Amino acid sequence: MAKTKPILNVAFIGHVDAGKSTTVGRLLLDGGAIDPQLIVRLRKEAEEKGKAGFEFAYVMDGLKEERERGVTIDVAHKKFPTAKYEVTIVDCPGHRDFIKNMITGASQADAAVLVVNVDDAKSGIQPQTREHVFLIRTLGVRQLAVAVNKMDTVNFSEADYNELKKMIGDQLLKMIGFNPEQINFVPVASLHGDNVFKKSERTPWYKGPTIAEVIDGFQPPEKPTNLPLRLPIQDVYSITGVGTVPVGRVETGIIKPGDKVVFEPAGAIGEIKTVEMHHEQLPSAEPGDNIGFNVRGVGKKDIKRGDVLGHTTNPPTVATDFTAQIVVLQHPSVLTVGYTPVFHTHTAQIACTFAEIQKKLNPATGEVLEENPDFLKAGDAAIVKLIPTKPMVIESVKEIPQLGRFAIRDMGMTVAAGMAIQVTAKNK
């Protein structure tokens, strides 16, 4: 079997009107991932609805409601090949109420392409654009490129492109901690395909790469094999003649038969007998592998979903409390000390209490706006101290980022998201 190309997850972010979905649709079409007949059909459908020019976007906007409104709601995943990678595109929604999807989407991204409208040079940077870039930075995405879209509306003017490039660099990227000098800016007209997959003849002044070439230049994610073993449990089975078989995805480190392991917060200790993936035994498993494994000395009743496996020499951290940086996405009123919503981190769902609201931050820059505020509302970013109501494994993002991020849910919606910056470990 031919070795498949490495997979690279790329998030497309930016304001709702910048043309993200059209850019993605064009990449998929010119990259050979979509049947051109589909575009012809969608173009007809778009014109009938008075949305001419939306045909590429329709490829990503799979949901019917999105087509009617022309808005991307859920996180859509599509693939296309470049010279180097099999690229999975995470098309992140642009609307305020959909930032929670952005958080679940961006956390899977290895790199991001920010799509901006060249016209923003006149109207200023959209708040949503700031928020998206801040969020991907917060979520640990370090590789970024900028597609300056709708160049056809300014006759492919180099001056307009340079003006926007300077504004995005000075007023956005530098403030958030990206170095504009190290970021590729690409002038594109996604609807017509200029500089998306193919070089444009209409930008003779631009000598740089196309969007597809920029994506090829991103670095593949390093598998965190050098970090301590962490494997959140998704399910536990008891198989006759085999014994207890937990299943889950290796987040960090390496697991192999013979390893002495501990499940936290359960405290159960055992030894790995076999490791399997897709019904085949493996000599070892690494980050990204979804595995089942047989463990000696641990019964089905001893462990459950939400427990995290690690080596006995470096057990997962059980938090008595933790300090976190959060962004409040939506809440009908305000968050105050004592609020106890459910935290979703790795496979665990555990209620945690807001013990202190230490600082309110500017969500676009991270600077401190207020010490010890009385409350937080939608749109605020903050540093807070949290106390789990039950034992829970969470790691500091500095130590093991894969186990440091969480979403906060209440009333059937994601009210906030964030990451643990300091964890007080329970005494073993």
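Glycine too: its Cβ is placed from the backbone N, Cα and C atoms.
Taken from Swiss-Prot, the feature GTP binding site applies to 14-21, 91-95, 149-152. In the three-state DSSP scheme, ASP17 (GTP binding site) is classed as coil. The Cβ of ASP17 (GTP binding site) has 17 other Cβ atoms within 10 Å, all protein chains considered.
Residues or ranges marked as Mg(2+) binding site in Swiss-Prot: SER21.
The feature domain 'tr-type G' is assigned by Swiss-Prot to 5-225.
Summarising the annotation, Swiss-Prot assigns region 'G1' to 14-21.
The region 'G2' feature in Swiss-Prot is assigned to 70-74. Each residue in the region 'G2' (70-74) has a pLDDT score, and their mean in this model is 39.
Residues annotated as region 'G3' in Swiss-Prot: 91-94.
Among the features that Swiss-Prot reports, region 'G4' is placed at 149-152. Outside the region 'G4' (149-152) by six or more residues, the chain places 18-19, 22-23, 115-119, 160-161, 187-192, 194, 202-203 with a CB less than 8 A from a CB of the stretch.
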Let me check the 10 A CB neighbour count of GLY14 (GTP binding site). How many other CB atoms are there?
26
Given a separation of at least six residues and a C-beta threshold under 8 Å, show me what packs close to MET151 (GTP binding site) in the same chain.
VAL118, SER157, ASP160, TYR161, PRO187, VAL188, ALA189, ASP194, ARG202, THR203
Rounded to an integer, what is the Cα-Cα distance in Å between SER21 (Mg(2+) binding site) and GLY14 (GTP binding site)?
10
